[in-house]
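Asks: Have a look at the structure that comes next, please.
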Amino acid sequence: MQACTLIARAKINLYLEILGSRPDGYSEVAMILQSITLADRVHLQRRPHGILLICDHPEVPADARNLAYRAAELLQRECRAELGVEIQLEKQIPVAAGLAGGSADAAAVLVGLNQLWGLGLTVGELQSLAARLGSDIPFCVQGGTQLATGRGEVLQPLADWEGIPLLLAKPRHLGVSTAWAYQAFRAHRAASLPSAGASLPTLPQVLAALERRDLLALARSLRNDLEQPVLAEHAIVGKLRQALLEAGALGSLMSGSGPTVFGIMASLERAAQARDSLCHHFPEVDFWVTQFAPTGILLEPDPQALRLP
């Protein structure tokens with residue numbers, strides 16, 4: 001195999017609870033992570049040596065600041081791979097949006113180079129390497145629906161719930177740093193009363209809703225502890241959450257560190273209708289109709305391989 005193309009899917013957080021601080025500087029979390037069909041395309045081409053990264057998005061770096069580039073470097077170093085690669089990223093997942101776009105691209109590079117370079121690594125071995133690059137990348141390697149604990153790298157797969165319709169909304173010119181969001185949460189928690197989180201949904205509630213396939217219960221069980229500090233700084237996030245609910249969403253939540261907000265919709269048709277209506281009211285916001293997906297990374301079939309003699 002000389003080249004391959006992978007679909008790298010975004011994720012949303014159906015649940016994000018911050019349990020405390022860790023000695024390594026990260027936060028101890030409990031999260032439900034869900035792959036969605038919004039995705040980047042990652043093209044990999046073997047080279048004799050070196051790493052070349054090309055991206056069609058002006059805000060995405062094409063050097064070692066990029067997680068996809070660092071994923072290739074890590075595999076070269078750890079597996080003593082002497083080959084190189086050209087990485088081309090076709091971005092559809094917005095940048096700094098709380099959707100793990102950079103993490104998904106890095107996961108695609110790990111999965112793709114494992115095939116392209118013939119490394120023979122297992123999914124578990126790829127996830128162990130991924131954890132050294134970022135907390136979301138181990139999830140993105142496999143995707144689907146998973147419970148994530150630790151700093152997000154300890155994963156427990158849950159039963160997939162494919163095809164649940166979503167409407168995503170992201171302010172076009174707003175990005176939120178994950179590090180800033182966690183710092184803001186700590187400051188917000190320090191200033192809050194001890195009982196402030198008493199009425200929030202709990203992990204057993206969202207797990208039970210997923211197990212029963214109860215969409216209304218799931219919509220009522222959404223939780224993101226990073227949401228309040230981000231809302232305090234960026235009022236548009238709260239306005240979008242409310243707008244999604246008024247447009248028919250069964251439940252709405254900010255994903256990850258934001259600022260993207262998603263609404264769980266009753267159908268793809270309702271999601272498209274809501275998108276068309278909200279576009280007129282929020283011209284500076286980008287909207288996507290998407291849905292739950294059962295996997296994180298897909299290897300596109302080689303068109304040449306599918307051609308009959």
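Backbone N, Cα and C define each Cβ position, glycine as well.
From Swiss-Prot, here are the annotated features:
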- K11: active site (ACT_SITE)
- D136: active site (ACT_SITE)
- P94, V95, A96, A97, G98, L99, A100, G101, G102, S103, A104: ATP binding site (BINDING)
Asks: Determine the Cβ neighbour count for A104 (ATP binding site): the number of other Cβ atoms within 10 Å of its Cβ.
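Replies: Its Cβ shell of radius 10 Å holds 32 other Cβ atoms.
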Asks: Using a Cβ-Cβ cut-off under 8 angstroms and a sequence gap of six or more, which residues of the chain neighbour A100 (ATP binding site)?
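Replies: In sequence order, the residues whose Cβ lies under 8 Å from that of A100 (ATP binding site) (at least 6 apart) are A10, K11, I93, D136, F139, C140, G256.
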Asks: Applying a 10 Å Cβ distance cut-off over all chains shown, what neighbour count does P94 (ATP binding site) have?
Replies: 23
Asks: By a simple count, how many Cβ atoms lie within 10 Å of the Cβ of G102 (ATP binding site), its own Cβ left out?
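Replies: Cβ-Cβ neighbours of G102 (ATP binding site) within 10 Å number 27.
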Asks: Which chain neighbours of the ATP site, leaving out P94, V95, A96, A97, G98, L99, A100, G101, G102, S103, A104, have a Cβ atom within 8 Å of the mean position of the site's Cβ atoms?
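Replies: Neighbours within 8 Å of the Cβ centroid, excluding P94, V95, A96, A97, G98, L99, A100, G101, G102, S103, A104: A10, I93, G256.
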Asks: Can you tell which of the recorded positions (K11, A96, G98, D136) has the fewest other C-beta atoms within 10 angstroms of its C-beta?
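Replies: Least crowded of the recorded positions K11, A96, G98, D136, by Cβ count within 10 Å, is A96.
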